Amino acid sequence: MGSGTSTQHHFAFQNAERAFKAAALIQRWYRRYVARLEMRRRCTWSIFQSIEYAGQQDQVKLHDFFSYLMDHFIPSSHNDRDFLTRIFTEDRFAQDSEMKKCSDYESIEVPDSYTGPRLSFPLLPDHATALVEAFRLKQQLHARYVLNLLYETKKHLVQLPNINRVSTCYSEEITVCGDLHGQLDDLIFIFYKNGLPSPERSYVFNGDFVDRGKDSVEILMILFAFMLVYPKEFHLNRGNHEDHMVNLRYGFTKEVMNKYKVHGKEILRTLQDVFCWLPLATLIDEKVLILHGGVSDITDLELLDKIERSKIVSTMRCKTRQKSEKQMEEKRRANQKSSAQGPIPWFLPESRSLPSSPLRLGSYKAQKTSRSSSIPCSGSLDGRELSRQVRSSVELELERCRQQAGLLVTGEKEEPSRSASEADSEAGELRKPTQEEWRQVVDILWSDPMAQEGCKANTIRGGGCYFGPDVTQQLLQKYNMQFLIRSHECKPEGYEFCHNRKVLTIFSASNYYEVGSNRGAYVKLGPALTPHIVQYQANKVTHTLTMRQRISRVEESALRALREKLFAHSSDLLSEFKKHDADKVGLITLSDWAAAVESVLHLGLPWRMLRPQLVNSSADNMLEYKSWLKNLAKEQLSRENIQSSLLETLYRNRSNLETIFRIIDSDHSGFISLDEFRQTWKLFSSHMNIDITDDCICDLARSIDFNKDGHIDINEFLEAFRLVEKSCPEGDASECPQATNAKDSGCSSPGAH
C-alpha cells in the first residue's frame with residue numbers, strides 16, 4: 001500500500017511539473033508573439049505619424065515661400081496691391097463686408113423639394129437634435145440655414161472671452177472631447193454613449209473639428225447649434241486646423257466647395273471669420289486648463305486673455321513686420337537695384353530660381369523685357385512713381401489699401417482733415433497682432449509635450465514648440481492649477497498621460513489613420529476633478545477583427561503609404577544609392593540602404609526593422625537597388641497609367657500643387673481666372689528677377705486653358721505641370737525645348753507639347 005501510494009505521488013508530481021513547464025513555455029511563446037505584434041504596431045504608428053508631420057512641414061514651408069515672395073514683391077498697380085491683399089493679408093474690411101452680405105441670408109430661397117432639416121432662430125434643443133439625426137441619415141443642410149447658423153454663431157462668439165471659465169457646480173459633470181477631424185461617426189457615437197448636451201451634461205470640444213474627414217461641415221453645424229442652444233454648458237476651443245490656410249491643404253475648403261457649389265465662397269469667408277472668434281482655451285474651476293496644443297516657457301495666460309483673437313485669422317503667418325515708411329522705401333530701392341542680392345530664406349536655394357520642392361516650375365522662363373509693355377488693364381506704374389505715391393498720398397481709401405497690403409504701419413501721421421477720434425478708431429480696427437501675441441497663440445495651438453526637460457522649437461510640425469515636464473510644472477504652479485488637458489496628437493489608445501500625470505492628451509477621432517489604427521476617447525470631470533476616461537471605436541468592423549488581423553490591416557495601409565513616399569523620391573534615392581556603390585556594380589549593403597533612405601526622406605523611422613517588409617531578403621545581405629526601384633515603380637504604375645518619371649513627380653508634388661492652386665484661386669471658385677494667373681505669375685517673375693511681358697503671361701495662361709473656357713481648373717493646372725516635367729525630365733531648364741524657344745520669343749507655352 002505504502003509503495004503504491006508513493007508511486008502515485010511520484011507520477012502526480014511529474015505530471016504537475018510537466019504541466020507547469022508546458023504552461024511556462026506557452027506563456028513564453030505568447031509573450032513573444034504579443035511583443036512582435038506590439039513591435040509591428042509601433043513601427044506602423046511611426047510610419048503614419050512621420051508622413052503626417054512631413055506633410056505639415058511642407059505646408060509651413062510652402063506658406064513661408066509665398067510669404068517671402070509677398071515681402072519682396074513691389075506692387076506696380078492698385079490691382080496688384082488688391083490681389084496681394086486678397087491672398088495674403090488679413091482683410092478685416094472684406095470680412096466685415098462679407099458678414100453683412102451673409103446677414104442677408106433671407107434672400108436665399110429654399111425650394112419646396114428640399115427635404116433636409118429646417119432651422120428657425122432662436123434655436124431650440126429639438127432643432128439641434130434634428131440636425132444630428134438628419135446628418136446621421138446623410139441629409140445635407142441647405143446653404144441658407146448654414147449661413148444663418150454661422151451668422152448667429154459669430155454673434156455669440158464675439159461676446160465670449162479668450163479663455164472660457166466654467167464650473168462643475170452647475171452640472172453633474174463636464175465632458176472634454178479632442179480632435180474629431182471631420183469624422184461624424186465619432187461625434188454621434190459620443191452623444192449616443194455619453195448623452196446629448198443638456199444643462200446637466202456640459203461639453204468642451206478642444207479644437208480640430210475639420211479637415212481630413214469627409215463630414216467636417218456637418219460636425220461644425222452640430223457643434224455650433226448646440227453651442228447656441230446651451231451657451232453656458234457647451235464650449236468650443238480653437239485648434240490649429242480652424243485656420244483657412246491649413247484648410248486649403250487638408251480638405252475642408254474642397255469639401256465646402258463640393259457640397260455648396262453656389263454659396264460655397266460665402267460660407268468659406270464666413271467660416272474664416274467665425275474661426276478667428278473661437279475662444280483659445282477653457283478653464284474648469286480655475287484648476288484644469290484645456291487648450292488644443294500645449295504651452296511653452298513664455299505662455300502667459302494674462303496676455304492670452306487680452307489678445308484681440310479675431311485679428312489672428314491664421315497662425316501660419318504673422319503680419320507684424322512693422323517698418324516705417326522710410327524703411328519700406330529703402331527696401332524698395334534695394335530690391336529695384338538688385339533683387340538677386342536680397343536675403344534668401346532657409347527654404348530657398350542659393351540660385352534665384354524656384355526650388356524643386358515643394359514647387360518646380362520647370363522651364364517657364366522668358367527673355368527680360370520692359371515693364372512698360374504691360375497690358376493696359378493693369379495700369380502699371382514704375383517703382384519711382386509708386387514710391388512718390390506712397391510718400392505723398394493722403395487719401396483715406398489709398399491708405400486703407402496700403403495698410404491691408406502691408407505697406408504701412410498703424411500710427412503714422414494722420415491727415416489733417418480727420419479727427420483724432422476717427423484716427424484712433426481706424427487704428428484700432430487695423431491693428432495687427434504683435435509678434436509676442438502671435439507666438440502666444442501659435443504655441444498653445446501647435447505645441448507638443450516631450451519627456452526631456454526644457455522647451456525647444458517643434459521642428460517636426462514646423463510650428464509651436466516641444467515643452468518638458470519642468471515647463472508644465474512651472475505653469476501649473478504659477479497659476480495654482482492641477483493639470484492640463486490637450487489634444488492635437490493621435491494616440492493609439494485615444495489618450496495618454498505624461499509629465500507625471502500633469503498633462504492629459506485626449507484624441508476623439510477613432511480609426512484616424514486606418515480602420516483599427518487607434519481608439520478614440522473622451523474624459524469626464526466631476527466636482528472632484530478626477531479624470532474618468534472612456535474609450536471607443538466607432539467603426540463596427542473593428543469589433544469583428546482579432547488583434548492580429550487589425551494590426552495586419554493597419555500595417556498594410558501604412559506600408560502602402562510608405563512605398564508611395566519612397567517611389568515619389570526614386571530619383572533622389574538612386575543618386576544616394578550610387579554614392580554607396582563605390583565599385584559601380586549596382587549593389588549596396590542593406591545597412592547602406594537604410595542609411596541612404598533616411599538621408600533622403602528624413603522621416604526618422606526604424607528602417608532596419610522595416611527592411612523585411614520593404615526589401616526582399618538575400619543571402620549575402622546585398623541589395624540590387626536599381627531592380628528594387630523598378631519594382632517600386634511597377635507597383636505604382638499598376639494603379640496609374642502614367643510614365644514612371646512623371647508619376648514620381650506628381651506623387652511628390654500633388655499636395656503642394658493643389659494647395660498652390662487654391663491659394664491662387666483666392667475667390668474659391670474652383671477655377672483660376674486669367675487675371676489671377678497673370679498677377680500670380682508677376683509675383684513669381686518678380687522674385688526670380690525676370691521681366692516678362694503681360695502679353696506673354698496671358699499667352700501662357702491661354703495655353704494652359706486646354707478647353708478654352710477662359711479659366712484654368714485643377715486638372716488643367718496639374719496637366720500643365722506634367723507636360724513641363726515631361727519636356728524637362730531632369731528639371732534642367734537648359735535642356736528643355738521650351739527654354740530654348742523662350743530666349744527667342746520672350747515667352748513659353750506648355751500647350752506647344
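All positions are counted from 1 along the displayed chain.
Note: Cβ is positioned from N, Cα and C throughout, glycine not excepted.
Cβ environment of Asp208 (Mn(2+) 1 binding site): Gly178, Asp179, Leu180, His181, Gly239, Asn240, His241, Glu242, His292, Ser487, His488 lie under 8 Å away, each six or more residues apart in the same chain. Under DSSP, Asp208 (Mn(2+) 1 binding site) is assigned to coil, being neither helix nor strand in the three-state scheme. What Swiss-Prot lists as Mn(2+) 1 binding site is Asp179, His181, Asp208, and the listing cites similarity to another entry.
DSSP gives Asn240 (Mn(2+) 2 binding site) a coil state; it is part of no helix or strand. The Mn(2+) 2 binding site annotation in Swiss-Prot covers Asp208, Asn240, His292, His488.
What Swiss-Prot lists as region 'Disordered' is 318-382 (among others).
Per Swiss-Prot, the feature compositional bias 'Basic and acidic residues' maps to 322-333.
Here Swiss-Prot flags 366-377 (among others) as compositional bias 'Polar residues'.
Under the heading region 'Disordered', Swiss-Prot lists 409-435 (among others).
Taken from Swiss-Prot, the feature domain 'EF-hand 2' covers 652-687.
Annotated Ca(2+) 1 binding site per Swiss-Prot: Asp665, Asp667, Ser669, Glu676, in sequence order.
The domain 'EF-hand 3' annotation in Swiss-Prot covers 692-727.
What Swiss-Prot records for Asp705, Asn707, Asp709, His711, Glu716 is Ca(2+) 2 binding site.
Per Swiss-Prot, region 'Disordered' is recorded for 732-753 (among others).
Annotation comment: Swiss-Prot describes 737-753 (among others) as compositional bias 'Polar residues'.
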Counting only residues outside Asp208, Asn240, His292, His488 in the same chain, those with C-beta within 8 angstroms of the Mn(2+) 2 site's C-beta centroid are Asp179, Asn206, Gly207, Gly239, His241, Gly293, Leu445, Trp446, Ser487
Across Asp179, Glu676, listed as binding-site residues, the smallest other-CB tally within 10 A is for Glu676
His711 (Ca(2+) 2 binding site) to Glu676 (Ca(2+) 1 binding site), Cα to Cα, whole Å, comes out at 10
With the fewest other Cβ atoms within 10 Å, the residue among the binding-site residues His181, His292, His488, His711 is His711
Here the mean pLDDT of the domain 'EF-hand 3' (692-727) is 64
